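The next block holds one structure in the form of structure tokens; read it before the comments.
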């Protein structure tokens, strides 16, 4: 059969072959498998916080009653912002810096995001280094933190075997005593006694330094080929933690006294719901556990095909994340209940959050079980896989953001550029491997992604809905997915999400408390340094505005208006996806019927072209209304 001939009028000059093709940057690449994106998002969101922050937050804020504000905040803040980030990334196929072609005036938001992610990546990999340290320490017949009597132990050390013996032979006073696992963590792993505070870091702990080097090496090898390599690694790192979590859960609930911990974890105290603190804590847990604002979601979505159903993926990931947190609570508190029965103390005396749970309490509980090295190895291997895929996302965000800004130079050398970034962040993290490194880690953890991250997310939400326009954003989603977001998403984007996050921001500022680590209080200069870390990411926004305005021409107001409009090349990155209003912005397009050009060139009308026709019709109606 003869091929149909397309009239010249209907062929856009941009489609004709020429020398321009050789000047195009190297292809960004896409996910290679159907589940790569979904598993990467699950791996990114389900991280260390699900295990060591959620269970503790739940029990301190009303137990089972905490799930009420948790799921309400998930619906108001979590799901809508999650979907917005995925939509921006998938629609534009751009990283967190280049995506601000949507409104160049606010490119500083992207710069702030990269600064925050870089600071978080430095200390997050140090936590993975601690996990590797414990993982190797578990490869022994007797766990090194099982008994006292080692060179790092003090006279205050008292292990649980002595306590159990004391129940039948002689009374033991356990006040002012320290467990072997706590001394192993602070005096052997950290060697914190060698530092007097944050201003006196002491010597580098070479065993920790080597663990950090190994951690960065693993991360680099996994992101070496971008999403093509990390997209395959997550098939293991995103799924294997669930297998271990189920094993720990089954082992936990079969222990004597497990019910004490679970009852402590889930007993609802509904009077807590009248406290604003509980609602703020629920919103904070959602905010940080879903990883919104860090650019990871936007980066992952930018490697999707244009019509990927991110609407479905949003609900799978956000609800899966919430269920994982609740399951982790059962696994943790069943073991803590057993531990409290063994020690003869209430559950609230053994329950901790953060590193205290992962590196002190849970390892101590492991020593009470038969085959303790096996369970210890499993627990730390779970933490390793949970942490790694979150770290992949942080690194992919930084690398993608910069390579999208300089595609001609950096995309062909992405592997080398990734190596440079990993080496630079490793060198910056060396201070965390010193004897006083934990003080620096606490400072970074408290300030790097605090109010600065909230300002970034609030600004993004307001720019997309107010500056770019809610109607236009919904049209873009319609063009991409074939349907418009419903009233629930529009109400959250316009009012509920920004208002809730502003309340969070105000609460954080009003209830500000200086950092501390145990009984150590940070000096004023350290507090100022921490605050500057948060403020610097916020300052990127006005700095970006000044740069954008200076690049325009005309009066100040004209420059601001021009800089706030999307650039000419804003829209889908592939020509075949630029239907409707975006065809006219293709380089060299002179066709009077851009949509016809598109359909003739790429074949028939699909459901997505139908969506584009609807969008065109809507825009024509809007123009007629504005002229009347």
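Backbone N, Cα and C atoms are what each Cβ position is placed from, and that goes for glycine too.
The shown structure was predicted, so the numbers you read here are calculated from the model rather than taken from an experiment.
Features reported for this protein in TrEMBL:
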- 43, 46, 50, 289, 321, 386, 389, 390: Na(+) binding site (BINDING)
- 148-157: disulfide bond (DISULFID)
- 1-23: region 'Disordered' (REGION)
- 37-55: transmembrane segment (TRANSMEM)
- 67-88: transmembrane segment (TRANSMEM)
- 109-136: transmembrane segment (TRANSMEM)
- 233-250: transmembrane segment (TRANSMEM)
- 282-303: transmembrane segment (TRANSMEM)
- 315-339: transmembrane segment (TRANSMEM)
- 374-394: transmembrane segment (TRANSMEM)
- 415-441: transmembrane segment (TRANSMEM)
- 447-468: transmembrane segment (TRANSMEM)
- 488-510: transmembrane segment (TRANSMEM)
- 530-550: transmembrane segment (TRANSMEM)
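A simple Cβ count within 10 Å picks out one of the recorded positions 148, 157, 386 as the most packed, and that one is 386. Taking pairs at least six residues apart, the transmembrane segment (109-136) and the transmembrane segment (315-339) share fewer than three Cβ pairs below 8 Å and do not count as touching. The CA atom of residue 148 (disulfide bond) is located 31 Å away from the CA atom of residue 50 (Na(+) binding site).
The transmembrane segment (488-510) makes no contact with the transmembrane segment (415-441), as judged by fewer than three Cβ pairs under 8 Å among residues 6 or more apart in sequence.
Within 8 Å of the Cβ centroid of the Na(+) site, not counting the listed residues 43, 46, 50, 289, 321, 386, 389, 390, the chain contributes 42, 44, 45, 47, 48, 49, 238, 241, 324.
Here the transmembrane segment (374-394) has Cβ contacts under 8 Å with residues 40, 43-44, 46-48, 50-51, 117, 120-121, 124-125, 127-128, 131-132, 134-135, 138-139, 143, 218-219, 222-223, 230, 233-234, 236-238, 240-241, 244-245, 247-248, 251, 291, 294, 296, 299-300, 358, 362-363, 366 of the same chain, all six or more residues outside its ends. Only residues 6 or more beyond the boundaries of the transmembrane segment (530-550), in the same chain, are considered here, and those with a CB under 8 A from a CB of the stretch are 104-113, 115-116, 119, 443-444, 446-448, 450-453, 455-456, 459, 515, 522, 556, 559-560, 563. In sequence order, 45, 47, 49, 50, 53, 54, 321, 325 constitute the residues six or more apart from residue 289 (Na(+) binding site) in its chain with CB-CB distances below 8 Å. Using a 10 Å radius centred on the Cβ of residue 46 (Na(+) binding site) and all shown protein chains, the other Cβ atoms total 28. Cα-Cα distance from residue 157 (disulfide bond) to residue 386 (Na(+) binding site): 32 Å (rounded to the nearest whole number). Within the same chain, residues 33, 35-36, 39-40, 42-43, 46, 222, 324, 327-328, 330-331, 334-335, 375, 378-379, 381-382, 385-386, 388-389, 392 sit at least 6 positions outside the transmembrane segment (233-250) and bring their C-beta atoms closer than 8 Å to a C-beta of that stretch. In sequence order, 40, 43, 44, 47, 230, 233, 234, 237, 238 constitute the residues six or more apart from residue 389 (Na(+) binding site) in its chain with CB-CB distances below 8 Å.
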